[in-house]
Amino acid sequence: MNRASLKRSKILHMALMGTSDPSGEAEASQEKPFVLRALQIALVVSLYWVTSISMVFLNKYLLDSPSLRLDTPIFVTFYQCLVTVLLCKGLSSLATCCPGTVDFPALHLDLKVARSVLPLSVVFIGMITFNNLCLKYVGVAFYNVGRSLTTVFNVLLSYLLLKQTTSFYALLTCSVIIGGFWLGVDQEGAEGTLSWTGTLFGVLASLCVSLNAIYTKKVLPAVDGSIWRLTFYNNANACVLFLPLLLALGELRALLAFPQLGSAHFWAMMTLGGLFGFAIGYVTGLQIKFTSPLTHNVSGTAKACAQTVLAVLYYEEAKSFLWWTSNMMVLGGSSAYTWVRGREMKKTQEEPHPRENEKSNMEV
């Protein structure tokens, strides 16, 4: 295998497994006092939780509120992408006009770069669209279970694309997640609240999340490794690609007939949803920066648990013991997978390389 193939294989492996270089994190942790770093981590994690949970509840309102009655999920997603593009361009202009005010890269739409990002944009559209469609057809309480197969797809794609085998214990945690998913589907059906359409969209969203991680790593060099440039091009491409979908699905006609089209409250909620969509990318990166990818996964799992409890309380739903068991299986399996992968990566890092051993033996 040549150097280029090895590099591509490493990139795909990092994308699927969520690994990163721990040396930078270790150095950063040594620079600041423990109390200050702990406070920063607590604030960043809290910001991530508030932003993520608020975005889910707000999107549920926009997509499936009885008081709103807006049946245009593609338009809602399109508008959120448009808000992100405008925010990126606005921050870029501010950074250019007032240096030092905000740290943001200069953004200029380059069609060549846009074409390079296009494969990722197609996957990105699938990810955010299927996410919103899943949320439209299922309750917030079941939303995490409906989208719980991302880890399973990560393992599957790592084998299909990298021929990377997974340890027995990691596969065991995946089987717990799958078991929790099917138990959740069964219990939703028993309670008469199951939407097979929403469940299918959740599975497709999970697949797209895994593919998005792969393509993000592959496309980053085209935007000089800048996440903000990638966000700008990704959402700009999405806005263009959404237009034929809006026409084909008749959502523009439905929007023109919407009674609250001229309501300031409606557009305020739509814009707020776009702001949360923009912010979640930033706070996710911030949480990974101040902790690690593995800690981010643990935080996401705990956040999902809190979100489920809040949804049940807010919507005043009564859930069976087996329904809660399915959620605990999904969350527990996800946490266990993160823990197993963390131990395996730590063990791999601690093991000396064969060539180093040979060299030391020769020196002796």
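Cβ atoms are placed via backbone N, Cα and C, with glycine included.
Here is what Swiss-Prot says about this protein:
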{"type": "TRANSMEM", "residues": "34-56", "note": "transmembrane segment"}
{"type": "TRANSMEM", "residues": "76-98", "note": "transmembrane segment"}
{"type": "TRANSMEM", "residues": "111-130", "note": "transmembrane segment"}
{"type": "TRANSMEM", "residues": "140-162", "note": "transmembrane segment"}
{"type": "TRANSMEM", "residues": "167-185", "note": "transmembrane segment"}
{"type": "TRANSMEM", "residues": "195-214", "note": "transmembrane segment"}
{"type": "TRANSMEM", "residues": "227-249", "note": "transmembrane segment"}
{"type": "TRANSMEM", "residues": "264-286", "note": "transmembrane segment"}
{"type": "REGION", "residues": "345-364", "note": "region 'Disordered'"}
> When you check the transmembrane segment (227-249) against the transmembrane segment (34-56), do you get at least 3 Cβ pairs under 8 Å, counting only pairs 6 or more apart in sequence?
Replying inline: no
>> As a test: from 34-56, 111-130, 264-286, pick the stretch that has the greatest number of Cβ pairs under 8 Å with the transmembrane segment (76-98).
In response: 264-286
> Honestly, do the transmembrane segment (195-214) and the transmembrane segment (111-130) touch, with at least three Cβ pairs under 8 Å and pairs 6 or more apart in sequence?
Replying inline: yes
